[in-house]
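A quick write-up on the structure given underneath.
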Amino acid sequence: MLFLKAVIAILSVLPAADAAAILNFENKQGIIPDSYIVVLKNDISSDDFKSHVAWATGVHNANVAKRDVPLAGMQRTFEMDIFKGYSGAFDRATLDDLLKNEQVDYIEPDRMASAQGWTTQGNAPSWGLGRISHQQRGNTDYVFDSTAGRGITIYGVDSGIDILHAEFGGRATWGANFFNNINTDEFGHGTHTAATFGGTNYGVAKNVNIVAVKVLGDQGQGPWSSIIDGLQWAVNDAREKGILGKAIINFSVGGPSSRAADNALTAAHNAGVFVSAAAGNDGADALNYTPGTARSICVIGNINENDYRFTGNGASNWGTRIDLWAPGTDILSALPQGRYGPMTGTSMAAPHVAGSVAILMASGGVSTAEACGVLKDMSTPSVIEPGQGSTNRLLYNGSGQ
């Protein structure tokens, strides 16, 4: 790729002491040509960040004017506590100038990430609710605390949500769209995951408030830069509403490792928003992919109805980064336009945890920082053949059953 050759050429002439880190350009998976995410150093102030953005915009405009290069330049800015950066389409000269700037920590290529669920055929039963509320498999009743997550808000950072679906009982609202101007779920994945964590009939936490944050399109894909923007919006919305500590992000998205996305996820957690993240469906070590490479957040693997790690098409990732396992195979839930259907993937496992945390927050005042640990303490050692280095702990809501 031409942009990769340009980066190599730039690095060959930059003094090592002056160059910011430039990450993962040798891995071409999902790369969006000429598009970059630039992350600044942690100690930069908000005022200095604004000044830097203005400087970078000016540098780009001057460079493209000289060379008549049709690149968009600055497209998104990110400011989540100590995580500050921006994304855009920049030419070689601008990239050279950015790399030399002492405020820049690292630059990485923007890439496409994907929904982590796979649609399955058939009319599978919704067995997940019964499984997480019983210590033994095979039960169909769902036993849960009567608060059912009342007063807690879950942000579905996904493909959007069909907020008018009867499954949500008027509790779902449209938040923001960072992918296109079509404010609905074109893919189905976001509606399915939202109904799993918060649906009236198929959901874990039946009284939560649900907010749609669209970052993926009709093919279930979106750039990391859009996804980071969605994470930022969710955190800022929770802050503005005064619900930090009572807010959750369900993150059923994943893809090639992105340090910028990892840092944004960690920043969301540090701000007081719990993140339940799908481990990924590559049948590989979760540490090789985002969100598995992010720290602090809770990373969830997928089991089937017999308590085995799912190893079929779209096999669950595994490894030391898995915090918990949850039902994610043939999960029946809502789909757009009033429909219902099954899906399989770690995407379906993560919302079981998101909903369970909502109930813990509502009923017991569990904090963002301690929620994943509390669930691990409550979990049962039930998962069979979880994979090398993996925990065998299965999500359990402590119902006493």
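Each residue, glycine too, has its Cβ placed from N, Cα and C.
Annotation source Swiss-Prot lists signal peptide at 1-19.
Swiss-Prot lists 35-112 with the feature domain 'Inhibitor I9'.
Among the features that Swiss-Prot reports, domain 'Peptidase S8' is placed at 126-401, with the record citing sequence analysis.
Annotation comment: Swiss-Prot describes ASP158 (among others) as active site, charge relay system. Long-range neighbours of ASP158 (active site, charge relay system) (same chain, six or more residues apart, CB within less than 8 Å of its CB): ALA115, ASP185, HIS189, GLY190, THR193, ALA194, ALA212, VAL213, LYS214, VAL215, LEU216, ASN250, SER252, VAL253.
Annotation comment: Swiss-Prot describes HIS189 (among others) as active site, charge relay system. In the three-state DSSP scheme, HIS189 (active site, charge relay system) falls into the helix class.
If you look up Swiss-Prot, you'll see ASN250 (among others) marked as N-linked glycosylation site, on the strength of sequence analysis.
Annotation source Swiss-Prot lists active site, charge relay system at SER347 (among others), citing sequence analysis. Taking all protein chains in view, 35 other C-beta atoms sit within 10 angstroms of the C-beta of SER347 (active site, charge relay system).
Feature annotation from Swiss-Prot assigns N-linked glycosylation site to ASN397 (among others). DSSP assigns ASN397 (N-linked glycosylation site) to coil, not to a helix or a strand.
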Sparsest Cβ surroundings (other CB atoms within 10 Å) among the glycosylation sites ASN250, ASN397: ASN397
Average model confidence [pLDDT] within the domain 'Inhibitor I9' (35-112): 93
SER347 (active site, charge relay system) and ASN397 (N-linked glycosylation site), distance between Cα atoms, whole Å: 19
